[in-house]
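Novice: Sharing a structure, written as structure tokens. Questions coming.
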Amino acid sequence: VLKHLRHLNFTNNMGEQVDFDEFGDLVGNYSIINWHLSPEDGSVVFEEVGHYNVYAKKGERLFINENKILWGGFSKEVPFSNCSRDCLPGTRKGIIEGEPTCCFECVDCPDGEYSDETDASACDKCPEDYWSSENHTSCIPKQIEFLAWTEPFGIALTLFAVLGIFLTSFVLGVFTKFRNTPIVKATNRELSYLLLFSLLCCFSSSLFFIGEPQNWTCRLRQPAFGISFVLCISCILVKTNRVLLVFEAKIPTSLHRKWWGLNLQFLLVFLCTFVQIVICVIWLYTAPPSSYRNHELEDEIIFITCHEGSLMALGFLIGYTCLLAAICFFFAFKSRKLPENFNEAKFITFSMLIFFIVWISFIPAYASTYGKFVSAVEVIAILAASFGLLACIFFNKVYIILFKPSRNTIEEVRCSTAAHAFKVAARATLRRSNVSRKRSNSLGGSTGSTPSSSISSKSNHEDPFPLPASAERQRQQQRGCKQKVSFGSGTVTLSLSFEEPQKNAMANRNARRRNSLEAQNSDDSLMRHRALLPLQ
């Protein structure tokens, strides 16, 4: 038919020539008629609203006066003539079952997908580091979270770490300035310096957990924390064990002094720390930690954290630290009754208890948190343990040095040591007395009054003419001290005097001989502890 239309032309019944062009299109002029409803009788009225002139220029052939058009006979609003309305950006077309393909429903794009066009057939997925906007018409960058320096939590942790560094430096300065005083000497001066340095490292290592994690900070922070704490606990362990062994020795001979000399103490500290260093080296070589962008925890947030590489290695690092702390706690608890001038055993026991409480609480907190709070939990644990060690071990010493200088004297140290020696001797004497009494009672002995034992070493006589208070204090500082030692079933009055080495060695030996003759009720335990007095 198309082939014949191209060559067809005729005159219609209205006398108009009808032609077809080479494409088969009708060549002619047309009037565009709109059907209106007559407001009078409702009849149909044909209204010309435009025309089509095929002979006009291209672009001017069609003309329509839209103001004259009435839809449905009387309305100027264009009616909706599709099965479904257009889907706006942020939605896609969804198929309606049982309906033609032109009929569809508009479905919102899911989270993480978007559509930026009308009647989109599918939503596009956002890139990995992006997330869909609220109306799903575009993608926006995901929020990045880590324990930043500028957020309030990070600022608070940083301030506490700096405070710890300042307090440790202050204590180190006090110990350095008063390094020749008895209190500092009695606490093993060199190991105390090393212990304070390790605490500085502990407080400083917490700063590696703050800020955006990088590969080098991830690989440095756990070894720095582990080695610092092992160095700290090794110093406490060696100094506590040294004093305990010296006090428990029968006679502190030169062999003990050589065996527990300063070089060996540092060697033991190095060996304990070297084990932790080996653990860290193996960890860094086999499974080094690295920075990790975690997209799985929350859809809209990227958590930048450190992937530890091996949780087993982290467990070995913390486990070895806790093992040394447990051994240190055992020795500290065992030496809790030693003279306070020699060892802060009670305070070390408290510090180890704080250490265990902190790290036992750390394990479930570390396992149950995610994101930036993992680093925050570890920083809190490091700071709490470090402050506990610093406060329990050093603050009481600094208080005595700065505010109680009268207790920081050689006489006070000697009195404390001698009181401990007499207390042990008196306990042994009472123990043997009780055993003898029980034996005599079992053999049918008399049931007299319970004997009491007291040990008194006197080197001063009461003065019938008392001196003024200032003179009396001066005389007491020159002549000695007097203490009462209480124990289970009695009280021992201890009076000792110490003279400065103004005379020759022979006079000193004679004085020691006189003192030993006066202490007639002391036993082998007393002699063992008195032998420590020249070591001061």
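Every residue number used here counts from 1 along the chain in the order it is shown.
Cβ coordinates come from backbone N, Cα and C, glycine included.
Caution: TrEMBL annotation is automatic and unverified by curators.
Source: prediction; values computed, not measured.
Okay, these came from TrEMBL:
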TRANSMEM  153-175  transmembrane segment
DOMAIN    153-417  domain 'G-protein coupled receptors family 3 profile'
TRANSMEM  191-211  transmembrane segment
TRANSMEM  223-245  transmembrane segment
TRANSMEM  266-285  transmembrane segment
TRANSMEM  311-333  transmembrane segment
TRANSMEM  345-367  transmembrane segment
TRANSMEM  373-395  transmembrane segment
REGION    433-484  region 'Disordered'
COMPBIAS  441-458  compositional bias 'Low complexity'
REGION    498-536  region 'Disordered'
Novice: Which residues of the chain, 6 or more past the ends of the transmembrane segment (373-395), have a CB below 8 A from one of its CBs?
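Specialist: Distant Cβ neighbours of the transmembrane segment (373-395) are 146-147, 153, 157, 160-161, 164, 167-168, 171, 175, 192, 195-196, 199, 202-203, 205-206, 209-210, 213, 225, 229, 232, 236, 305-306, 344, 347-348, 350-351, 354-355, 358-359, 361-362, 365-366.
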Novice: Taking contact to mean three or more C-beta pairs under 8 angstroms, with sequence separation of 6 or more, is the transmembrane segment (345-367) in contact with the transmembrane segment (153-175)?
Specialist: no
Novice: Within the domain 'G-protein coupled receptors family 3 profile' (153-417) only, compute the mean pLDDT.
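Specialist: Mean per-residue confidence for the domain 'G-protein coupled receptors family 3 profile' (153-417): 82 out of 100.
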